[in-house]
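What TrEMBL says about this one:
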DOMAIN    8-199  domain 'CobB/CobQ-like glutamine amidotransferase'
ACT_SITE  Cys95  active site, nucleophile
BINDING   Arg128  substrate binding site
ACT_SITE  His192  active site
Amino acid sequence: MSTDSELRIVWVYPDLLSTYGDRGNLLILAQRARLRGIPVRTEEIRTDEPIPAEADIYLLAGGEDAPQTLAAERMLDDGGLRRAVEHGAIVFAVCAGYQLVGSAFAAQGRKYAGLDLFDLTSDRGPSRAVGELAGPVDPALALPLLTGFENHGGRTHLGPGVRPLATVSVGVGNDGHTEGAWTKGFIGTYAHGPALSRNPALADLVLRWATGRESLEPLDDTWHDKLRDERLAALAARGKDLRHAA
Ligand code: GLN
């Protein structure tokens with residue numbers, strides 16, 4: 001993003017990919033940018049519209065199996081997200097959106113081609129992963145504990161081109177051991193919550209990448225902290241106390 005222009009954030013296919021309040025990720029990013037005086041333009045690109053290739057940040061959200069397969073087909077035909085990534089755009093992808101940016105995913109008993117933008121692939125697990133998801137983030141990112149909730153049937157396997165976003169302390173994530181994936185300019189996660197509300201430091205990482213700023217002025221995170229504290233207290237009540245690592 002050039003310093004005098006606005007930050008363009010695109011939410012891809014809200015009509016297909018929009019489970020569990022993941023739209024909150026768009027609201028959180030836009031608000032945290034505006035509070036720093038960064039002008040923002042948000043765009044919600046529906047399935048019947050072309051995906052613009054010139055935006056700064058692309059958000060992909062969760063979705064049920066059938067909409068997910070439709071979204072994959074449309075995005076492959078469209079090509080806009082691929083062009084955007086080639087230009088250096090940032091991608092933040094959750095659950096179905098996370099699976100979609102890999103080389104393949106499984107749904108409705110079949111294997112589907114993904115967008116093959118990042119080095120990961122998904123298949124199906126033995127059971128649905130439903131519940132809280134938490135664990136320490138890759139130390140290279142210097143972020144606090146990841147917290148969220150998950151609801152997915154898929155399992156994700158990472159290639160050498162990406163690193164796990166976190167290690168799983170509670171929940172399943174990719175495979176019961178690691179959760180999500182990242183490489184510079186890309187974050188993929190199974191965490192809903194919305195993820196960027198439960199993890200505002202992750203939102204700021206995305207904003208730093210997109211703006212090229214090394215640091216952003218701190219914000220009042222009272223409400224985010226309250227939400228994190230509540231969920232971590234709920235885990236502690238079930239015998240998994242991660243508050244020391246939060
Ligand atoms: N349909 C995918 C799965 O079940 C993703 C689910 C979701 O986005 N919540 O694995």
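Every residue gets a Cβ built from N, Cα and C, even glycine.
Positions of the features from TrEMBL, shown on the structure.
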residue: Cys95; record: active site, nucleophile; DSSP class: coil
residue: Arg128; record: substrate binding site; DSSP class: strand
residue: His192; record: active site; DSSP class: strand
Taking all protein chains shown into account, the Cβ-based neighbour count within 10 Å for the residue listed as 'substrate binding site' is 13
CB neighbours within 10 A of His192 (active site), counting all protein chains shown, number 24
Rounded mean pLDDT within the domain 'CobB/CobQ-like glutamine amidotransferase' (8-199) lands at 97
Whole-number Å distance separating the Cα atoms of His192 (active site) and Cys95 (active site, nucleophile) is 8
Same-chain residues at least 6 apart in sequence with Cβ under 8 Å of the Cβ of Cys95 (active site, nucleophile), in sequence order, are Thr19, Asp22, Ala61, Gly62, Gly63, Glu150, Asn151, His152, Thr189, Tyr190, His192
Taking Cys95, Arg128, His192 as the recorded positions, the residues having C-beta under 6 A from ligand 1 are Cys95
